[in-house]
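Right, one structure below, let's go through it.
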Amino acid sequence: MEQGLGSDSNAPPGSIDKSKVLDVRPLRSLVPVFPSPQGMSSISTPQPTPFVCVPPSGPFPSGVQPFYPFLVQNGSQRATGGQNQPSNFGFGSNIPAPVPLNSFRTPPAHANGGPGRPKKASKARGSGSVVIEDDGYSDSQNHSDQYVSGFSMHVADAEDASNSVKRRGRPRKRRPENGEEFDVESLVNSYLAVFKLKEFDDFRRSSGDKDTVRTILLAFDLLRRKLTQLEEAKDLAAGIARRPDLKAATLLMTKGVRTNSTKRIGHVPGIEVGDIFFFRMELCLVGLHAPSMAGIDYMSVKITMDEEPVAVSIVSSGGYDDNGDDSDVIIYSGQGGVQRRDGQMFDQKLERGNLALEKSLHRANDVRVVRGIKDIAGSNGKIYVYDGLYKIQESWVEKNKSGCNVFKYKLVRVPGQPEAYSLWKSIQQWKDGTATRTGIILPDLTSGAESLPVVLVNDVDGEKGPAHFTYIPSLKYSQPFSAPKPSTGCHCLGGCQPGDTNCPCNQRNDGLLPYSSLGVLLTNKSLIHECGLTCACPPNCRNRMSQAGIKVRLEVFKSKNRGWGLRSWDPIRAGGFICEYAGDIIKASTAGDFGNENDDNYIFDATRYYEPLEPVHDSTNYKKAPFPLVISAKNNGNVARFMNHSCTPNVFWQPVLRESNNDVFLHIAFFAIRHIPPMQELTYDYGIVPPEKADKGKKKCLCGSVKCRGYFY
């Protein structure tokens, strides 16, 4: 306030002149302010009244009067704390501390300190504004969540995700559009049981391994996708996009499900250079970068008797004046200060993360670097790539465009590490035509049959390509299966929509749309019903996801010891559609010995037994496909025929039904089990034959997995 209360000597005692216009500036929290005795100005008096810390509602010492808006009338007083109770800076102990809006506070980790512990206010590096940076949200502003049908983010749900960390009451229930309630707490517990995470011990929580990291990420992603499907069906009409990524991570962390919570310098157990993440919360769950928003993660290191901060990781996502075009060098901007949204400008200070980077420069310790790359498929989203270890080479201060002093740090990549960001740049050059992929035999193996070209590459030996076959993009039926009862197609002229209870295709999928707008599988059921020939929806309907062909740039390549294989130039999200298995249908009566008698190496046999993929499917009723479908891609097929076997695959297959009147067409669609980085081979489990035929057609497995069975069929 520009003028102290009680400074008008003409005012009668005990009165307040409410006609005056006071210049009131917003405060982050309430600070107790008390007037000077009557007739003395708190501004001009050289010897102001000593500060007396009492509750604003009294009781007041001699010479101090209540002031607006804490006026006490009729002699009544409401004490907020007794004299024998501990004082909270003069307020009662039951008054909570102020909490910032729109911030996600990471639950405190059992770590060595640093920013992993939540702060009262989290500011974006370089902007001074409180933001949420996750799945398509840049550092300085919130974008629309492209993952959930492009709807705008609902701020109340971001706060709800933050507050859910503190809830320990009754389980919350959600009510989808069709009126059926689902219990979020029970849903989480079911996933914890499937993944065997109910008793997550302290050792795995503090330090993980590859299996632990993969299990947590799979549990998070499946829970996130399920929440997306359920809440999208409920909120479509309202145009609200919730943040299932924040909710899923919060629900898991409140159960203690996270790993590598102990801060450390260097690589994080279970995470490899080149691994990718589509959500900032994934970095928190696996301990790669603890803060959910801040770009600098640091820890305290004891030096003799004192402690000083050192940086352990940074996220460079292009939201600031960082220069990251070089594959091995990053010019990184410090955090804090600069120009805020309210127009105020401040110089950055050498504190917190900035001080930690400065200390790491002198200590020459390794710093993990995570690069944020624009996700073209997700529009405004980011893909976070772990680019390995860097060292800080130098630091300086320079003026930015607004005239503020900004700290700059030059980080240089430690040599001898696998390719990560540099590989992404090379792939982009292949796509742009500014560089040529070495070893190309054919620029498009499909001869235009697919909407995207598939390159045939051999940079291993002199073989010119696989045996001749005819490329077909989809499975061809000569005679479909018969439906037990006629099927009615949908009339969704604009495409099937989530939450539309009148859509017969949604009804066949338990009332929920099985795919997201990006082609990510949202359901855990073992059978998907897609729109068929009699449906009125357009070809780009979300419920025709497997019918539109491949959506990523694939490459058929010659491997060193396993023949021809398949991989992608593009990153693939967990649950993302890859392709279907195309070929000629073989009658079920000949399925048992067809592969052995004809020496057909391009067989897909849905009648085999498969290891239950607990992270992907429900644990019940999933041993075989609902129909005895066997496909040969020896003479006719698509890219799926080149996918090799692995005992620890990154791809799984899903039966997809398309019904039309009395006809049923079963197709086999492939989806990613987890996030798959570019140029990582795509593999699935070929399955196990019945015991009576176990000795026929057994082949040596060269997948190299730790859990390799040693053979496949």
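Our numbering is plain: 1 for the first residue shown, then up by one each step along the chain.
Using N, Cα and C of the backbone, Cβ positions are placed for all residues, glycine too.
The compositional bias 'Polar residues' annotation in TrEMBL covers 1-12 (among others).
The annotation compositional bias 'Polar residues' is assigned in TrEMBL to 74-91 (among others).
If you look up TrEMBL, you'll see 165-175 marked as compositional bias 'Basic residues'.
On the 0 to 100 pLDDT scale, the domain 'YDG' (266-413) averages 90 in the predicted structure. Residues or ranges marked as domain 'YDG' in TrEMBL: 266-413.
Sequence annotations record features per position, and here TrEMBL assigns domain 'Pre-SET' to 488-549.
Taken from TrEMBL, the feature domain 'SET' covers 552-687.
Nonlocal intrachain contacts for the domain 'Post-SET' (697-713), taken as residues 6+ away from its ends with a CB within less than 8 angstroms of a stretch CB, comprise 561-562, 595-596, 608, 644-648, 683, 686-689. If you look up TrEMBL, you'll see 697-713 marked as domain 'Post-SET'.
Positions annotated as region 'Disordered' by TrEMBL: 1-22 (among others).
Among the features that TrEMBL reports, region 'Disordered' is placed at 74-144 (among others).
Summarising the annotation, TrEMBL assigns region 'Disordered' to 158-181 (among others).
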Looking only at the domain 'YDG' (266-413), what are its DSSP counts of helix, strand and coil residues?
19 helix, 66 strand, 63 coil
DSSP residue counts for the domain 'Pre-SET' (488-549), split into helix, strand and coil:
11 helix, 6 strand, 45 coil
With DSSP as the yardstick, break the domain 'Post-SET' (697-713) down into helix, strand and coil residue counts.
0 helix, 4 strand, 13 coil
